[in-house]
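Annotated features in Swiss-Prot:
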- 34-45: compositional bias 'Polar residues' (COMPBIAS)
- Asn90: N-linked glycosylation site (CARBOHYD)
- Asn244: N-linked glycosylation site (CARBOHYD)
- 1-49: region 'Disordered' (REGION)
- 60-80: transmembrane segment (TRANSMEM)
- 95-115: transmembrane segment (TRANSMEM)
- 125-145: transmembrane segment (TRANSMEM)
- 155-175: transmembrane segment (TRANSMEM)
- 186-206: transmembrane segment (TRANSMEM)
- 215-235: transmembrane segment (TRANSMEM)
- 296-316: transmembrane segment (TRANSMEM)
- 332-352: transmembrane segment (TRANSMEM)
- 395-415: transmembrane segment (TRANSMEM)
- 417-437: transmembrane segment (TRANSMEM)
- 459-479: transmembrane segment (TRANSMEM)
- 481-501: transmembrane segment (TRANSMEM)
Amino acid sequence: MSSTTSSSRSDLEKVPVPQVTPRDSDSDKGSLSPEPSTLEAQSSEKPPHHIFTRSRKLQMVCIVSLAAIFSPLSSNIYFPALDDVSKSLNISMSLATLTITVYMIVQGLAPSFWGSMSDATGRRPVFIGTFIVYLVANIALAESKNYGELMAFRALQAAGSAATISIGAGVIGDITNSEERGSLVGIFGGVRMLGQGIGPVFGGIFTQYLGYRSIFWFLTIAGGVSLLSILVLLPETLRPIAGNGTVKLNGIHKPFIYTITGQTGVVEGAQPEAKKTKTSWKSVFAPLTFLVEKDVFITLFFGSIVYTVWSMVTSSTTDLFSEVYGLSSLDIGLTFLGNGFGCMSGSYLVGYLMDYNHRLTEREYCEKHGYPAGTRVNLKSHPDFPIEVARMRNTWWVIAIFIVTVALYGVSLRTHLAVPIILQYFIAFCSTGLFTINSALVIDLYPGASASATAVNNLMRCLLGAGGVAIVQPILDALKPDYTFLLLAGITLVMTPLLYVEDRWGPGWRHARERRLKAKANGN
């Protein structure tokens with residue numbers, strides 16, 4: 001028990017008693033902001049958000065990130081094989097590309113079901129179930145004999161792999177506060193996006209030397225290893241089941257390692273802080289109601305526009321590079337390294353910048369409200385904290401670079417191969433950086449349903465992205481690369497004012513929603 005108490009104290013937020021009188025301007029800060037004189041009392045009464053140490057949280061983030069690799073990996077590893085699939089099954093390149101579109105559609109739809117289920121039944125059961133679906137799909141793909149089977153099992157593959165992103169985000173939402181969430185979401189995105197870098201390289205190697213079917217056997221083996229790590233090491237984190245880590249886990253919610261080591265930090269008689277929700281068809285579709293919230297819709301829609309443009313760049317790479325530069329499957333796979341490294345570095349860097357920006361916004365908030373320097377602030381303790389401002393400080397320079405590089409990408413195909421690869425790096429860096437900001441903000445807006453919120457995010461991205469991938473080839477045929485990517489840059493530029501709208505009016509919309517939900521919960 002003593003070790004548990006020590007761990008709890010180390011994680012407990014320490015908020016000092018203010019020794020200064022709040023400024024007159026504090027009078028207009030609203031009822032959502034706690035009085036400074038009550039901060040110490042609040043912190044002494046509240047248990048830590050989660051008892052896991054920083055290193056333990058990092059370990060769990062790595063496990064769920066490696067699991068989430070399989071959603072982008074299963075899509076991107078397939079890109080260099082498109083030409084071989086077309087020839088092997090005697091179909092056109094457009095039909096081969098359609099298998100990517102189908103994958104992305106299901107990739108968008110499936111997490112809405114799995115995410116809400118994991119918010120109700122737990123993260124581990126859904127993780128395990130979806131991975132079993134994924135492994136079965138890969139075995140079937142490796143043995144598929146015709147185009148119909150390939151399409152059907154690609155859809156099943158997407159249904160199994162896509163949920164790993166929303167469930168992984170749910171795990172992060174369960175164990176983190178807003179002030180530490182940015183860097184962990186960045187790590188989650190960076191490790192996950194490793195699939196963007198290594199996927200096409202592996203796909204090119206397998207296709208060149210072993211045939212495209214070997215891709216699916218590789219995914220079966222790698223997916224099995226990831227499933228094993230979840231079974232052995234990942235505990236249940238859903239707060240209505242596991243609480244803040246002090247509730248004893250049993251059955252499927254208990255990782256195999258606890259059978260050997262025991263579960264540390266358990267408090268006798270500890271109960272979850274929230275009630276477990278029931279799974280129903282209503283709960284499955286409930287996350288779609290998030291889209292009627294103005295701040296959520298704007299955040300998701302703009303992120304989806306960027307995702308669509310990025311998807312159109314990557315999905316057209318195989319055909320463009322093969323036609324313009326005459327590259328083989330292996331060489332095309334290697335050209336995706338720029339895109340992959342851009343994804344990883346963008347997610348890592350922007351994730352850590354978000355934590356820095358959170359601290360910067362904390363200081364500004366404390367100065368405005370008369371709190372002492374060093375006061376830790378998050379949405380749970382201070383609901384009026386401007387999380388939108390904290391998350392979106394990096395957005396402006398990131399989107400500016402994204403628009404410029406997309407506009408130049410089509411023209412770059414007339415130059416040396418290195419130029420479009422470098423531009424792909426910056427396009428991927430900026431797009432993934434924006435996804436990281438987008439993902440963290442969505443979790444902040446719905447912290448109690450982070451998996452469902454992430455699933456809706458994934459739904460909008462993938463449906464718009466699938467539409468973009470489906471039409472990119474006809475647009476390229478009609479406008480040629482120069483004007484195609486200039487058009488995409490222009491569309492992004494036109495949508496950019498949405499960022500100002502979210503920054504300016506988002507906090508007010510969030511406060512109104514919180515008051516409405518609180519009144520509904522109280523039966524008013």
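The backbone N, Cα and C atoms fix where each Cβ goes, and this holds for glycine too.
Taking only the Cα positions, the spacing between Asn90 (N-linked glycosylation site) and Asn244 (N-linked glycosylation site) is 55 angstrom. Packing around Asn244 (N-linked glycosylation site) is summarised by its Cβ count: 22 other Cβ atoms lie within 10 angstroms of its Cβ, all protein chains included. Panel annotation: around the transmembrane segment (481-501), residues 298, 301-302, 305-306, 309, 312-313, 320, 392, 395-396, 399, 402-404, 406-411, 413, 472, 475 of the same chain, lying at least six beyond its termini, place a Cβ under 8 Å from a Cβ of the stretch. Two recorded stretches are said to be in contact when at least 3 C-beta pairs lie under 8 angstroms, sequence spacing 6 or more; the transmembrane segment (417-437) and the transmembrane segment (186-206) meet this definition. Non-local neighbours of the transmembrane segment (215-235) in the same chain are 59-60, 63-64, 66-67, 69-70, 73-74, 77-78, 81, 123-124, 127-128, 131-132, 134-135, 138-139, 141-142, 171, 202-203, 206-207, 242, 249, 253-258, 263; each lies 6+ residues outside the stretch with a CB under 8 Å from one of its CB atoms. For the transmembrane segment (395-415), the partner stretch with the most Cβ pairs below 8 Å, chosen from 60-80, 95-115, 155-175, 296-316, is 296-316.
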